[in-house]
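Step one of this worksheet: look at the structure below.
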Amino acid sequence: MNISSLTLDSNPISRTFSAANPRTQRSPFIRHRNVVVCSVKSVPSSPSLVAAPAGEGVNRIESLSQVSAVLGCQWGDEGKGKLVDILAKHFDIVARCQGGANAGHTIYNSEGKKFALHLVPSGILNEETMCVIGNGVVVHLPGLFEEIDGLESNGVSCKGRILVSDRAHLLFDFHQVVDGLREAELAKSFIGTTKRGIGPCYSSKVIRNGIRVCDLRHMDTFPQKLDLLLSDAASRFKGFEYGPNMLKEEVEKYKRFTERLEPFITDTVDFMNESISQKKKILVEGGQATMLDIDFGTYPFVTSSSPSAGGICTGLGIAPRVLGDLVGVVKAYNTRVGSGPFPTENLGRVGDQLRFAGQEFGTTTGRPRRCGWLDIVALKYSCQINGFSSLNLTKLDVLSDLSEIWLGVGYKEIDGKSIKSFPADLRALEQLQVEYEILPGWKTDISGFKNYSDLPKAAQQYVERIEELVGVPIHYIGVGPGREALIYK
C-alpha cells in the first residue's frame, strides 16, 4: 500500500504517516487503498447554517412543497424510511416510484415496535396516509401480500390505504430464480444483487415481453403471456427447468392473487394528477439511492431503475414542474452492499466498528454491509444530479466512539492530478487516491440529544464541515433509530 507521507498541522490534529511499513501503523483508519491525508480546516460559523429555533422542526416540515421527495444520496441503506415515516403525517399521500422488494426500509412505530418494509411505502404507519405503489415499481405479489398480512397482524390497517398501479410490472418467482442463475453465471464478476428478481423483471419490461398488473384482468390471454416469459427463461438458462405443470400452477396461483389484488388496482397516473389538482400533499419515497442509479451509479454494479430525481416523473406519471423540495438522505459515513467500487471503504478495525455500532446488516438480505468514511466527492455528485434543497444526515451517533473521524474530500490520480468529479470509469475509481481531512471525534453518547445546540462542539463541526463542502444545508440529523431520535437544525 502506498500512503503519501504528509504532516498534519495543529488544527486540530498533528500526525505524520509513513509509507515505510503500513502494517506497523498504529492508526486503525487506513484501508488497503492509496490515500492522501491533508489537514482539516477550521470551520467558521455561518449564519445560513445555524440551528433551527425551538419548534422550527414542525414548521419546516409543514412548509415543504406540495410534492416533495425523499431520495438516497449514497449506495442505499441511508435511513430514508425513518424520515418518510416522520414526514408522512404531514402529507396525504406517500408514493413509491421505482425499485421493488430489494428496497428495505426499517421504521419504528410510536411504541418502538420495528417494521421492515419492502414494497409498501413507509407512510403506512400513519393512519391517515394513502400509500401508492407507482407504475415504475416491479411488484412481487406473494411478497406484497405477506407484507400486508404482517402489518395487519401487528395492528396496522391496510384496507383501502394501498393503491397499486395497473401499469406496474409483475415480478414472478421465476425472475428470482433467473437472478440467482445469472449471478452464478457471472462467477467472479457478479453484481451482488439481492436475488429478488429485480433485474430480470426490469429486463422483461425493457424487451417488451413483461406482464403488467392490468394483464391480470384478462385471464384468457394471461397464460400465453406467462408461457412466453417462462419459455424465454428456459431457453436462456440451462439450469431453469420449465414444463406444463409449472405454467398451470402459476396460472392458478395468479387467479387467486387477482381476486385479492383487485381492490388495490388503480390508474395511479390519474389518481396522482387528480390529487395534485386537489392540492393534496404528496411525499415520494425513493428506493435504493443515486449511486446505484442505472445511469449515474457505478455501472454495472447498480440497480435496474432510476432512484434519482428523474425516476419520480417516469415512475409516477407526474410532470417535472410539480416537483418541489427534494430531501437527500445521507449516512454520516458510507456503506455499500454487494460488489462494486467503494473509494472510502475501510477494511480495518474501524470498518468493523462502524458495521456493528450501526447494525449494518441488510434489511432485505441480512448481508453485512461494507463500511467506510463519508465520501464528499460522491455526495456532491449526488447533489448535482438531484438538486436537493436539504439533507438528512443519519446515524451521527454511530461515530460517537471514534477519537478521530476521516472525511473523504477529494480524489487524485496516482500522479497527483486532481479529479474534478465522480468518474464513470470503474478502472479510474479503483486506482484513484482519496484525499482525507481528519476531524476530532466527540467521544460522547449523543443518542439522547434533542437539540442541535446541545451536541458536542466536535459533532457540530463535523455537520457544518459537510454543509460547507457540499453547499446544501442539513435540516435533519438522526441520532438513533426511533422516531424521536431526530434533531432539527
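Glycine residues also receive a Cβ, built from the backbone N, Cα and C atoms like all the rest.
According to TrEMBL, the features are:
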- Asp77: active site, proton acceptor (ACT_SITE)
- His105: active site, proton donor (ACT_SITE)
- Lys205: active site (ACT_SITE)
- 76-82, 104-106, Arg369, 395-397, 478-480: GTP binding site (BINDING)
- Asp77, Gly104: Mg(2+) binding site (BINDING)
- Asp77, Glu78, Gly79, Lys80, Asn102, Ala103, Gly104, His105, Thr194, Arg208, Gln288, Thr303, Arg367: IMP binding site (BINDING)
- Thr363, Thr364, Thr365, Gly366, Arg367, Pro368, Arg369: substrate binding site (BINDING)
>> Can you tell me the CA-to-CA distance separating Leu396 (GTP binding site) and His105 (active site, proton donor), as a whole number of Å?
In response: 18
>> Around Gly76 (GTP binding site), which of the listed recorded positions (Gly104, Lys205, Gln288, Thr365, Arg367, Pro368) come within 10 Å, judging by Cα atoms?
In response: Gly104, Gln288
> Around Val479 (GTP binding site), how many other CB atoms lie within 10 A of its CB?
Replying inline: 25
> Could you state the CA-to-CA distance between His105 (active site, proton donor) and Gly79 (GTP binding site) to the nearest Å?
Replying inline: 7
>> Between the Cα atoms of Thr106 (GTP binding site) and Gln288 (IMP binding site), what distance do you get, rounded to the nearest Å?
In response: 13
> Tell me which residues of the chain lie with their Cβ under 8 angstroms from that of Arg367 (IMP binding site), as long as they are six or more apart in sequence?
Replying inline: Val337, Gly338, Phe361
>> For each of Gly76, Gly366, Pro368, count the other CB atoms within 10 A of its CB; which of these binding-site residues has the top count?
In response: Gly76
> What count of other C-beta atoms do you get within 10 angstroms of the C-beta of Gln288 (IMP binding site), across all chains shown?
Replying inline: 32
>> Roughly how many Å lie between the Cα atoms of Pro368 (substrate binding site) and the residue listed as 'active site, proton acceptor', rounded to a whole value?
In response: 12
> If you measure Gly104 (Mg(2+) binding site) to Thr365 (substrate binding site) at Cα, how many Å is it?
Replying inline: 9
> Of all the recorded positions given, namely Asp77, Thr365, Arg369, which is spatially nearest to Gln288 (IMP binding site) at the Cα level?
Replying inline: Asp77
> Going by C-alpha positions, which of the recorded positions (Asp77, Arg369, Val479) is nearest Asn102 (IMP binding site)?
Replying inline: Asp77
